[in-house]
Amino acid sequence: MGLLSAPPCTQRITWKGLLLTASLLNFWNPPTTAQVTIEAQPTKVSEGKDVLLLVHNLPQNLTGYIWYKGQIRDLYHYITSYVVDGQIIIYGPAYSGRETIYSNASLLIQNVTQEDAGSYTLHIIMGGDENRGVTGHFTFTLYLETPKPSISSSKLNPREAMEAVSLTCDPETPDASYLWWMNGQSLPMSHRLQLSETNRTLFLLGVTKYTAGPYECEIRNPVSASRSDPFTLNLLPKLPKPYITINNLKPRENKDVLNFTCEPKSENYTYIWWLNGQSLPVSPRVKRPIENRILILPSVTRNETGPYQCEIRDQYGGIRSYPVTLNVLYGPDLPRIYPSFTYYRSGEVLYLSCSADSNPPAQYSWTINGKFQLSGQKLFIPQITTKHSGLYACSVRNSATGKESSKSMTVKVSGKRIPVSLAIGI
């Protein structure tokens, strides 16, 4: 801390010396002459240590000086003062018993606490002129001794190369910085290793045996540094991505038998099947031989297209395959003819439309009285006559399923059309 003038020992006055203190307060004034400099020794202060507020550039012809806690000069913030004439020390309400004032105006604070951190004001009383005085301010920050950190992990047993993990350095410590070490070295540059904004959390993207650790974190501030114990991730063996093989991706409805197989084969895994994101329920229709690795559907309907997934699991977790969706071939169902009107008058428009559920879409054709008219879903006759009366049939065919179906209706066309004006008696 350097050489100090010995603290006066001739006389000490407690707060009861209020009259003398009041007389000192009369000399307070803004600085007019000397530049007072205050520095802390040591410059970085940790809790429980001592700090000396060392004063430089003291002006000449001094009467005394007063120390305040904070930047407000009043009796409440008054710590202690020194009167040169008589070497008298006076203690104020802010005195804690740990402050020592020296004849060179320096202030020693012992066993500093968090409450001691902050601003201090030194007011110097100059003799010869009661209206002259010099004021200096100083602020110091108190740093806590850093605690021994520990590392917490979002996953203790991540799956190799498959899972992201975040490591956090605990505890969160104010006014401190965080450093990370892997295998005793500072972190390498890698897109798989990313730090949070404060460096307190380390993100590992796809942990491998090369990035499993050991890791250490360090908490550091200007007065101390502490490093954690090594932390190593327990990597689980990588699960292979399963996939589904199937004997027929385009089965015919209620006709073809489907065999699903979950690959790869292993005695170390269990197998689970999923349909539409739900675990496949137990059903007499579904057979699962060979420890559930093979799924057999004796038949399939248009409502069972999927998606299907298989999952392989070990004692720690599982992974699913990409979804597989079937293209179930069906139909054509019984066609529908619209509109279903059967009575028309000569001169009216005949427009019929035919539709049937089918995959792939069916081929359509129209016949009248058994005679082919056209191919397509729609039949249009601009002006019908009585000659157009008869049996209209829509036939549908699906070449993929080999199925056919038809629907017929009878159309009757009466004589000459009656004008609307006559029909309503105009």
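Each residue's number is its place along the chain shown, starting with 1.
Cβ coordinates are placed from backbone N, Cα and C, and glycine is handled just like the others.
These features come from Swiss-Prot:
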SIGNAL    1-34  signal peptide
DOMAIN    35-144  domain 'Ig-like V-type'
CARBOHYD  N61  N-linked glycosylation site
CARBOHYD  N104  N-linked glycosylation site
CARBOHYD  N111  N-linked glycosylation site
DISULFID  C169-C217  disulfide bond
CARBOHYD  N199  N-linked glycosylation site
DOMAIN    240-327  domain 'Ig-like C2-type 2'
DISULFID  C262-C310  disulfide bond
CARBOHYD  N268  N-linked glycosylation site
CARBOHYD  N303  N-linked glycosylation site
DOMAIN    335-410  domain 'Ig-like C2-type 3'
DISULFID  C354-C394  disulfide bond
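Taking Cα separation as the measure, C217 (disulfide bond) is nearest to N104 of the recorded positions N104, N303, C354. Candidates N61, N104, N111, C169, N268, C310 (recorded positions) were compared with N199 (N-linked glycosylation site); those inside 10 Å Cα-Cα are C169.
Annotation for C262 (disulfide bond): spatial neighbours P242, Y243, I244, Y271, W273, R293, I294, L295, C310, I312, S321, criterion Cβ-Cβ under 8 Å with sequence separation of six or more. Using Cα positions, the member of the recorded positions N111, N268, N303, C354, C394 nearest to N104 (N-linked glycosylation site) is identified as N111.
The DSSP breakdown of the domain 'Ig-like V-type' (35-144), given as helix, strand and coil counts, is 6 helix, 56 strand, 48 coil. Neighbour counts of Cβ atoms within 10 Å were compared across the disulfide-bonded residues C169, C394; the minimum falls on C394. The 10 Å shell around the Cβ of N61 (N-linked glycosylation site) contains 11 further Cβ atoms across the protein chains shown. The two recorded residues, N111 (N-linked glycosylation site) and C169 (disulfide bond), show a Cα separation of 29 Å.
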